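J.: Have a look at the structure that comes next, please.
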Amino acid sequence: MILRDIAYGVGGLLSAPIWGTAMLKTGKWRTDWAGKLLGRVPEMNTEDVAGEKPTVLIHAVSVGEVMATRTLVDSLEKDGARVVLATTTNTGFERAVKLFGERLMVVRYPLDFSFAVKRFLGEVKPDVVALMELEVWPNFVGMCEKMGIPVAVINGRLTERSYGRYLKVRGLIAGTFEKLSVAAVQTDAYAERFKGLGARDEVVQVLDTMKWDTAKIEDEVEGSESLAEEFGLDRGKLTVVAGSTGPSEEAMLIEAVKGLEQDVNLILVPRKPERFDEVAGLDGGIVRMTRIRKGEKHANPSIYLLDTMGELRKAYALADVVVVGRSFNGLGGSDLIEPIALGKATVMGESYYNFADAVDAFVNDGGIKITDETGLKSALTELLDDEGKREAMREAGRGVIRRRMGSTRRHVDLLLGLVRDERTAK
């Protein structure tokens with residue numbers, strides 16, 4: 001662990017100009033450094049941690065992983081567990097606090113320095129650690145083993161790209177995956193990659209993704225109509241919502257929508273808040289929600305920028321057609337299950353390696369339309385012109401979701417089983 005600490009320190013210093021500049025530009029330097037660097041947990045959050053209830057520590061890196069824990073947290077608490085949720089990013093932390101309030105402890109996940117990890121685990125005192133999707137750090141896993149705390153990867157996902165990156169630092173992570181008590185992964189392909197990094201065959205299980213269970217199949221979302229009123233959305237027009245968009249996609253969407261024969265509303269929701277200003281400058285007619293809330297008036301707009309956090313679901317509820325972002329620029333896609341659960345005809349680009357299993361399931365049943373940039377305009381035209389087609393996609397997509405539910409219960413049983421096994425062994 002000491003050698004890794006030295007490696008981390010040297011690597012951090014050498015790369016400081018890069019990550020330091022990025023943090024200054026994005027404002028990410030404003031964070032809880034005592035929690036990240038020293039593993040400190042605020043005293044107000046450490047009350048009543050030790051006790052008869054098993055403590056499950058869940059690590060969810062950012063917003064997407066936090067949202068995927070909702071049904072898991074509910075089920076664990078219902079079964080008598082105490083949950084502590086650790087996040088890495090500022091947006092993930094803020095979303096977790098907003099989502100769970102005072103129901104459970106929300107803390108910062110420490111950087112992988114052994115002294116920070118040791119203090120963190122000593123204060124939280126987990127009976128089991130659950131790492132959402134991946135985030136397998138060698139010092140953290142090694143310290144858990146040393147302290148007798150079982151570690152499980154849950155909702156495990158290991159893309160070809162991530163697998164290749166782990167292989168490049170195999171010397172740094174040597175033995176880490178072998179120490180996992182369980183690797184509960186989403187697909188057979190992910191299972192093979194976990195094994196390829198050293199996870200033991202007997203601990204790797206395929207339990208599907210919990211995102212199927214977090215999907216809320218409903219026709220209305222609280223606050224969506226208020227959002228439409230604030231925007232001054234012309235409800236006489238059909239609406240296209242582009243969610244979690246990435247670089248270059250907003251300009252592509254603006255061009256595609258302007259080229260349509262019918263006049264439609266376009267709502268852009270970039271994934272990263274640091275890109276809001278950039279996107280706002282793409283077209284003089286873009287209306288920003290933050291400006292509207294400050295009293296700015298606009299006449300007959302048709303392109304809207306939702307430059308706030310936590311309101312994507314409200315925007316999806318207003319859509320006739322949804323375009324899933326980060327799928328036209330090689331970034332692997334974004335969550336497509338949420339808009340489909342809301343009954344929206346959904347279009348996605350050809351880059352979806354982060355959600356390949358879900359995409360394949362929807363494609364097989366006609367619940368999503370996959371296209372490239374050159375075919376986007378025609379795909380939008382087809383769906384906007386054909387209400388029957390939109391309705392058929394709505395029913396097909398929701399059918400897929402209903403059939404795939406159940407992974408959360410399997411994960412709960414697995415985690416509480418690890419606690420029982422550990423307590424019996426002691």
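Just so it is clear, glycine is given a Cβ too, placed from its N, Cα and C backbone atoms.
Because TrEMBL annotations are produced automatically, they should be read as predictions rather than curated entries.
What TrEMBL records for this protein is below:
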ACT_SITE  GLU65  active site, proton acceptor
DOMAIN    50-213  domain '3-deoxy-D-manno-octulosonic-acid transferase N-terminal'
DOMAIN    303-398  domain 'Glycosyl transferase family 1'
SITE      GLU133  site 'Transition state stabilizer'
SITE      LYS211  site 'Transition state stabilizer'
J.: Taking just the CA atoms, what is the gap between GLU65 (active site, proton acceptor) and GLU133 (site 'Transition state stabilizer') in Å?
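T.: Per the Cα atoms, GLU65 (active site, proton acceptor) and GLU133 (site 'Transition state stabilizer') stand 8 Å apart.
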J.: How long is the line from the C-alpha of GLU133 (site 'Transition state stabilizer') to the C-alpha of LYS211 (site 'Transition state stabilizer'), rounded to the nearest angstrom?
T.: 11
J.: Averaged over the domain '3-deoxy-D-manno-octulosonic-acid transferase N-terminal' (50-213), what pLDDT does the predicted model reach?
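T.: Summing pLDDT over the domain '3-deoxy-D-manno-octulosonic-acid transferase N-terminal' (50-213) and dividing by its length gives 94.
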J.: With Cβ-Cβ distance below 8 Å and at least 6 positions apart along the chain, what are the contacts of LYS211 (site 'Transition state stabilizer')? List them in sequence order.
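T.: Looking at Cβ-Cβ distances below 8 Å from LYS211 (site 'Transition state stabilizer'), excluding near sequence neighbours, one finds ALA68, ASN155, ASP335, ILE337, ALA358.
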